[in-house]
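What TrEMBL records for this protein:
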- 544-696: domain 'STAS' (DOMAIN)
- 78-102: transmembrane segment (TRANSMEM)
- 108-124: transmembrane segment (TRANSMEM)
- 194-215: transmembrane segment (TRANSMEM)
- 253-269: transmembrane segment (TRANSMEM)
- 275-293: transmembrane segment (TRANSMEM)
- 354-374: transmembrane segment (TRANSMEM)
- 395-417: transmembrane segment (TRANSMEM)
- 437-467: transmembrane segment (TRANSMEM)
- 488-516: transmembrane segment (TRANSMEM)
Amino acid sequence: VTETNNVRTVTEEGDDAKCSFHHRMFLEPQEKKRSMKALVIKQAKKTCSCTPTKVKDCVFGFFPILRWLPKYKLREDLLGDLMSGVIVGVLLVPQSIAYSLLAGVEPIYGLYTSFFASLIYCIFGTSRHISVGIFGVTCLMMGQVVDREMERAGYDLEPAVLSVPPGAAAHVNTTFSPLNGTWQEMLCDRSCHAITVAATVTFLAGVYQVAMGFFQVGFVSVYLSDSLLSGFVTGASFTVLTSQVKYLLGLDIPRSGGIGSLIVTWINIFKNIHKTNICDLITSFLCFLVLIPTKELNERFKSKLKAPIPIELVVVVAATLASHFGKLKETYGSSISGHIPTGFLPPRPPDWTLIPNVALDAVAIAIIGFAITVSLSEMFAKKHGYSVRANQEMYAIGFCNIIPSFFHCFTTSAALAKTLVKESTGCRTQVSGMVTSLVILLVLLVIAPLFYSLQKCVLAVITIVNLRGALRKFKDLPKMWHLSRVDTVIWGVTMAATALISTEIGLLVGVCFSMLCVIFRTQRPEAPLLGWVAESETYESLSAYKNLQTKPGIVVFRFEAPLYYINKECFKSTLYKQTGVNPVWVKAAKKKAAKRMLREKEVGSGDNQTSISMDFVSEPLGFHTIVIDCCAVQFLDTAGIRTLKEVCKDYREIDVHVLLAQCNPSVRSSLIRGEFFKEGEDHLLFHSVHQAVDFALGTQGHSGTSASK
């Protein structure tokens with residue numbers, strides 16, 4: 001007898017009758033108002049309303065500096081911000097010059113980029129600790145685009161020395177034809193075109209990032225898992241390292257781009273290894289001997305040092321002095337940085353005609369830039385107990401690319417190494433970024449020309465030494481493998497594709513492979529049988545735990561994945577394997593046995609075979625009820641609903657009942673919409689496995705009593 005809030009099962013023993021009640025929870029669903037018109041009107045009113053408070057919140061939200069700067073605490077925060085800003089600025093000067101080579105542009109543009117990025121992020125950013133500026137991976141991606149477009153434009157020569165005399169600095173923005181101009185004009189023209197390409201890509205990347213913030217599509221970053229990003233950065237680090245080897249050896253070989261550039265570059269290096277410049281090689285070796293041990297000391301004793309030793313700046317100054325007074329370029333033919341002009345160039349818009357050529361390249365750069373920036377800002381905000389807004393961070397990094405693109409800059413993003421330095425040296429607020437920009441401004445206005453004699457091999461050493469963090473990920477592989485083999489495989493595939501194919505394709509391969517891993521894990525999920533934990537209402541996996549009990553005649557089965565078109569066949573085959581009964585085969589065997597019986601009767605066969613056939617038809621299965629635990633089934637699609645219907649129907653035809661337990665509201669709603677239940681059967685949907693098992697035991701007891709009577 002079924003009542004309103006419970007299911008009553010009547011059992012009888014002899015003359016006495018016993019009633020057991022299996023209580024059901026009565027849940028009244030919420031009424032969902034789905035009036036699209038009302039929703040649109042409500043959203044329009046909310047968006048279009050304009051009040052002084054809303055305008056103020058909008059302005060303060062878009063310019064976070066207006067919130068935190070008036071509340072700035074001079075006594076508590078100024079010293080830490082000054083120290084961290086100066087130290088990061090000192091570190092940024094040599095790195096800015098070095099990464100300019102990686103991006104395929106002249107050193108001055110790296111200084112421009114670091115100056116504008118640090119300043120603009122202070123205005124728009126919400127993170128107090130991240131350092132925004134040049135980043136090796138995005139510089140590498142930028143350099144590949146620049147090289148490709150330079151080749152398309154007819155500039156085939158590798159600029160071994162982009163030395164522009166002081167008198168020619170005013171002509172940097174002048175464009176000449178490389179066929180008709182002089183050698184000096186060609187160099188000037190090549191430099192101008194390179195930064196024009198870089199600025200156009202940077203502008204587009206910034207537009208994409210601002211658009212993602214406006215449309216609130218920060219969810220894109222969820223497809224870039226930590227293992228994927230780590231593998232991508234490590235793979236790109238190999239490409240960065242490879243691109244710098246020619247500077248270490250003083251080789252004048254063309255820069256390779258496109259698919260397989262890493263392999264092609266190494267082939268060219270070994271083909272020209274006999275042309276190695278011994279002076280550059282010795283200088284590189286000496287710089288490694290100084291930089292690596294000092295960097296290790298900085299990391300090992302960072303808790304004891306008030307500030308890290310600015311060894312990169314020391315090496316740059318010492319190498320510049322040695323090159324200048326030793327006349328290494330004139331005597332040994334060493335490749336040097338060349339003239340770095342002071343001051344700022346007039347603003348110049350991107351080249352709009354290049355947009356169709358570089359629009360797709362800017363997408364990958366934009367995604368990597370905002371993914372790294374958002375992840376770092378959230379990580380340090382959580383560590384220091386404040387909050388950041390992901391969409392505002394996308395606006396911030398977008399404007400750090402859009403605005404500087406008019407001032408001869410290339411793409412920027414947050415960088416982990418400099419962020420760690422900034423945090424460890426006492427940074428308290430975004431004022432630290434302002435101090436960093438002032439340090440770089442001092443270099444731009446006064447000191448920059450002094451780096452004329454700096455060898456390019458020194459800059460290459462600085463770039464390679466700063467890759468240590470990414471390359472150290474190999475040491476973490478055993479631990480990563482122990483934690484998650486799938487994440488380790490994703491890391492390896494992304495790293496290999498990025499290094500051996502190309503950075504853009506490597507990123508795409510990593511994303512696609514990650515999605516395939518998710519699909520494969522839901523396609524072949526765990527699906528154990530469950531046993532009862534004594535003296536409780538809990539059911540756990542029989543394959544995972546000992547001393548679990550099973551109820552006679554009841555099989556409890558759990559499917560640990562959504563049930564949809566990809567894994568529906570896996571669900572059925574696993575269920576049949578775990579229960580040991582395929583209802584389709586049982587039905588077919590019964591039909592075959594019944595037909596044999598009929599034939600035997602017709603031909604008058606002996607009673608012995610007939611009795612054997614009858615025994616086969618009535619052979620018990622060992623269980624009468626299957627309880628499917630749906631707690632791990634997040635959703636059902638139409639194929640999943642159809643599969644459940646087929647399973648219930650097939651088992652019902654061999655006198656086995658199928659009960660569903662622990663379905664979430666989404667699954668229940670799907671079952672009801674899919675007409676899974678016949679009229680009056682919705683009470684067979686249980687809120688716990690224990691409740692379903694009790695119901696099955698009571699129902700079978702009632703059936704057994706009725707049959708005996």
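Cβ atoms are placed via backbone N, Cα and C, with glycine included.
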Given the transmembrane segment (437-467), which of the listed stretches 78-102, 108-124, 253-269, 395-417 has the most Cβ pairs that are under 8 Å apart from it?
78-102
Under an 8 Å Cβ to Cβ limit, what residues of the same chain, 6 or more beyond the ends of the transmembrane segment (395-417), are close to it?
62, 103, 105, 109-110, 112-113, 116-117, 120-121, 124-126, 130-136, 138-139, 142, 195, 198-203, 205-214, 344-345, 347-350, 365, 368-370, 372-373, 376-377, 466, 469
Spatial neighbours of the transmembrane segment (108-124) far in sequence, C-beta under 8 Å, 6+ residues away:
62-65, 92-93, 95-100, 130-134, 195, 198, 340-341, 344, 392, 395-397, 399-400, 403-404, 407-410, 412, 430-431, 433-434, 436-437, 440-441, 443-444, 448
In the same chain, who gets a Cβ under 8 Å from the transmembrane segment (275-293) while lying at least 6 residues past its ends?
247-252, 311-312, 315, 319, 328, 331-335, 455-458, 460-462, 465, 468
Short question: which residues 6 or more past the ends of the transmembrane segment (78-102) have a Cβ under 8 Å from it?
108-111, 113-114, 118, 131, 133-134, 136, 139-140, 143, 240, 243-244, 247, 306-308, 310, 312-313, 315-316, 337, 340, 418, 421-423, 425-429, 431-440, 443, 451, 454, 456, 459-460, 462-463, 466
If I count Cβ-Cβ pairs under 8 A between the transmembrane segment (253-269) and each of 194-215, 354-374, 488-516, which range comes out on top?
488-516
Which residues of the same chain, at least 6 past either end of the transmembrane segment (354-374), have a Cβ under 8 Å from a Cβ in it?
130, 132, 135, 137-138, 141-142, 145, 149, 152, 196-197, 200-201, 204-206, 208-209, 212, 218, 220-221, 224, 229, 232, 390, 393-394, 396-398, 401, 411-414, 416, 503-504, 507
Arithmetic mean of per-residue pLDDT over the domain 'STAS' (544-696):
82
